[in-house]
Amino acid sequence: MTNKLRSEETITSLSSFMASTLSIASPSPCSIPLSVTKVSPLKRKRPTHLNIPDLNPQQPISTDYFRFREGDAKVSPLKRKRPAHLNIPDLNPQQPIRTDYFSFTDFAHQNGTVSFGGNGFGVVSRNGKKKFMEDTHRIVPCLVGNSKKSFFGVYDGHGGAKAAEFVAENLHKYVVEMMENCKGKEEKVEAFKAAFLRTDRDFLEKGVVSGACCVTAVIQDQEMIVSNLGDCRAVLCRAGVAEALTDDHKPGRDDEKERIESQGGYVDNHQGAWRVQGILAVSRSIGDAHLKKWVVAEPETRVLELEQDMEFLVLASDGLWDVVSNQEAVYTVLHVLAQRKTPKESEEENLVQGFVNMSPSSKLRRASLVKSPRCAKSQSYYYNSENESPSLNREIGSSPSKSPITPWKSLWAKAACKELANLAAKRGSMDDITVVIIDLNHYKG
């Protein structure tokens, strides 16, 4: 009994001791001091003190890692540093740069116009109202190394310049290839046909939707071969009278309309112009894949013997022929040539005689290192055909025997080309204008 009482007292004492201990270790919430600030678990507590080393101001700081040192010129990271020395090869100034052909892109042009002249020809090409130039041309004054054998071509692009550029790059090569060993007139006509069709086929394989009208002339062995597609035209001056050597391929032409309709197509008059399928205003061209069933690439070709009364040939795009008649063109050229007795020295600088310096300047520098005879200086001027005098027709329509066009006057073929191009522009031509004039006297004899 006594032991049981002792055990109960012991348990009671232990319970009292534990209760007092818990009351000390776990104070009530009301006993927490109000001055304690809670710290967010997302923020790091700023240290109360930063140990910043005391740097000696007399101790220099190493700058080995800096990009530029004292005395170096700073270079912008956006610009490349120019090398200290350029090795430019010493070219022999007496060595001519040979070119087998001339084209629109070979010569720098200013204000949308390019012009140059050579021994027996002149060229002018100027941009119309469109944003991009679509005319091209190709001149090979010494075909197969023969100065009396030349190729001339004017190409008028539509739907872009791709077709005209392709023709200018390739047609003359195919003509030379196809004409090899050709003798009779019929063989030459077939050779030109094959060259045009091959050019068309090769361009169509590129899958480009574009087209080009063409007029070409090859002069060789006292004969002239003229071919055309579309509305580019060749006009001959024979004893002061204009003679068209080509017929424009227009959908309104009876034979062309019949051919198109026989192939299941149709010709429609849209705003005063006849058009194939109501779209294209020419019935033959290179390219125009979407109309190829009706717009063929077979040219019409003529072979003529050079005769004494043949004075010059004008090849031009429709930018000229739409506003200037054949006879007006001949009159204008004759008048320009008649007014210039001898060429000025400055004009002689623009001659091209088979060699050319590809200058980027707006003025073509002396192109040939071969000396040509200089002519005496004289006064000269350009004729404005819009202010034509009543006596002009009698003067320029006179017999060639009274005022012959001698070979040296071909120096002014370029001036005559400029006059024709300016005349067309003044009359409101909206299209690109390209004019090539060939002095046929250069190829006679």
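Using the three backbone atoms N, Cα and C, a Cβ is placed for every residue, glycine included.
Just so it is clear, the model here is predicted, and its values are computed rather than measured.
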Quiz prompt | Mn(2+) 2 binding, same site as Asp156, Asp318 - Swiss-Prot member from Asp247, Asp431 | solution = Asp431
Practice problem: Take the C-alpha atoms of Asp318 (Mn(2+) 2 binding site) and Gly157 (Mn(2+) 1 binding site) and report the distance between them in angstrom, rounded. | Solution: 11
Practice problem: Give the residue from the binding-site residues Asp156, Asp318, Asp431 that has the most other Cβ atoms within 10 Å of its Cβ, counting over every protein chain displayed. | Solution: Asp156
Quiz item: For Asp431 (Mn(2+) 2 binding site), which DSSP three-state class applies?
Solution: coil
Self-check item: pLDDT averaged over the residues of the domain 'PPM-type phosphatase' (120-440)
Solution: 82
Quiz item: Sorted by position, what residues of the same chain at least six away from Gly157 (Mn(2+) 1 binding site) have a C-beta under 8 A from it?
Solution: Glu134, Asp135, Thr136, Ala163, Ala164, Glu165, Ser210, Gly211, Ala212
Practice problem: Starting from the Cβ centroid of Asp156, Asp318, Asp431, the recorded Mn(2+) 2 site, name every other residue in that chain with its Cβ within 8 Å, sequence order please. | Solution: Asp135, Cys213, Asp231, Cys232, Ser317, Gly319, Leu320, Trp321, Asp322, Asp432, Ile433
